[in-house]
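Quick notes on the structure that follows.
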């Protein structure tokens, strides 16, 4: 790192790192051609309760048979963030070499090991391995509940025989699956020493499936007809919502605004005869700068950065970078793109802050850098401590933390500062079609349903209802074992979310101005971002009604990281809502003659 003399080389290095990490698995796998008898890499990854996706442990944390020398596979940044900890497995699956009941090891399980395995079986532990970069899963054991009156009578068994079924095409591995022999079991019910002989069988079969399509079976799981029907129903439902909402709002606003323009466009003599009311009455206050303008500008900058990050992630998803089990590609993309887009946050925040006649732009820049990263960092520190206490693979190694700190120090912070300097020097002035009066008008008393919280509830519910169905599939993918690959549909839903957010915020802003309430700046941001609060409320529903997650670690990970994600949505959609409202307000006040 000493050779990095400036910011541009650092960005270049990050870009190269990014591309190499994203293509890591694909290039690694595409070079694997084998001859008969050649060793094919098999790595054991992790074990954990099936219903708690964040609570995973190293494979050999359970007392399985281990090779004489356990080698750890070198992993990319995203793989480590994903909780992958690949080590050499004790099974030997040489190319096209069949084995029948080969013994891995004979082992006398101690009383403590029996209890350890029994707890794992009771919690429905699964294990994951990678064979030639193809994922495989199996369960550690099973619980016999048939004909038993209660948990005290349950029988606990450990599987000791695995059968690997491998498909190949010429010199390449195409597919692998495993079956646990239901007749080869070790009884773990009692706390006593038991003898276990761990075995495995390997069967090879030729297939016509080309190597390029070997990942299709994982992609197809989310493209099954009944899933696609639900997805398209969600899209149609959302589109109908958008059409009805936009049509309704456009009709009302066009008609009302047309009448307003006619009324306000009358000649001066006619205007003198009647008292001004409605939104024209507050033309001298509507562009009065908001309170806490440094915080407001920082929120806009962070929201714009997160919006840019989301767009880039969608572009990578649509071009096929995030194919199933490209381990860690998404996490690598999130870290590096966030670092590279920090300049956008700095530029937007400082530029807007200077337009609002702010003077302490350095403090504004610090606030921008900490507004999203600060809560995320605190959440990470707490959750990483929890993961360390549990000895889970979600705990990041010290080296990975150092890499992330270096990225933040050498790329994120310099780009943020450069963006801030560029924003300060942009010399842009705030475009206001009306002059602002010296003293603000008093806001008339308004009914309770026109206050901020009811307006936020209304503004957040409609966009949330448009994405509700798709949210389930995303949650089932992120916090479960379902695979999500239909990024085109997700992108359409995202566009619908933006449109609905913009329209509902504009409508509520108009009604607020019509009631002669000129403090619309923060309100439009809060109304736009309120969808993030609804998504977090959905987290509570999903955790209790749709998932089987349990335990302190899984609960803290789920609600901790979802809080950060929903906060990011709040900032991003708040920015969208405010920008749409600002365009609308400028347009209507530019269309009338303001004295």
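Cβ coordinates come from backbone N, Cα and C, glycine included.
Annotated signal peptide per TrEMBL: 1-27, in sequence order.
Per TrEMBL, the feature transmembrane segment maps to 230-253 (among others).
The transmembrane segment annotation in TrEMBL covers 298-323 (among others). Tertiary proximity for the transmembrane segment (298-323) is limited to same-chain residues at least six positions away from its ends with a CB under 8 Å from its CB atoms, namely 22, 26, 215, 219, 329-330, 333-334, 337-338, 341-342, 344-350, 352-353, 364, 367-368, 371-372, 485, 487-488, 490-491, 494, 525, 529, 568, 571-576, 578.
The transmembrane segment annotation in TrEMBL covers 329-353 (among others).
Long-range Cβ contacts of the transmembrane segment (365-390) within its own chain (Cβ-Cβ under 8 Å, at least 6 residues beyond either end) map to 55, 294-295, 297-299, 301-302, 305-306, 342, 345-346, 349-350, 396, 408, 412-413, 416-417, 420, 552-553, 556-557, 560-561, 563-564, 567-568, 571. Feature annotation from TrEMBL assigns transmembrane segment to 365-390 (among others).
Per TrEMBL, transmembrane segment is recorded for 396-418 (among others).
The feature transmembrane segment is assigned by TrEMBL to 456-475 (among others). Residues 222, 227, 230-231, 233-234, 237-238, 241-242, 245, 482, 484, 489-490, 493, 496-497, 500-501, 504-505, 508, 526-528, 530-535, 538, 542, 546-547, 573, 577 of the same chain sit 6 or more residues outside the transmembrane segment (456-475) yet have a Cβ under 8 Å from a Cβ within it.
Look at TrEMBL and you will find 487-508 (among others) tagged as transmembrane segment. Within its own chain, the transmembrane segment (487-508) has Cβ neighbours under 8 Å at 231-232, 234-235, 238-239, 241-242, 245-246, 249, 252-253, 310, 314, 317-318, 322, 455, 458-459, 462-463, 466-467, 470, 474, 523-524, 527-528, 531, 573, 576-581, 584, counting only residues six or more beyond its boundaries.
For 520-543 (among others), the entry in TrEMBL reads transmembrane segment. Sequence-distant contacts of the transmembrane segment (520-543) (same chain, six or more residues past either end, CB-CB distance under 8 Å): 286, 289-292, 296, 299-300, 303, 452, 455-461, 463-464, 468, 471-472, 475, 479, 497, 501-502, 504-505, 508-509, 512-513, 549, 555, 558-559, 562-563, 565-578, 580-582, 585.
Taken from TrEMBL, the feature transmembrane segment applies to 558-585 (among others). Long-range Cβ contacts of the transmembrane segment (558-585) within its own chain (Cβ-Cβ under 8 Å, at least 6 residues beyond either end) map to 54, 286-287, 299-300, 302-304, 306-307, 310, 371-372, 375-376, 379, 382-383, 459, 463, 479, 497-498, 501-503, 505-506, 509-510, 513, 520-521, 524-533, 535-536, 539, 543, 549.
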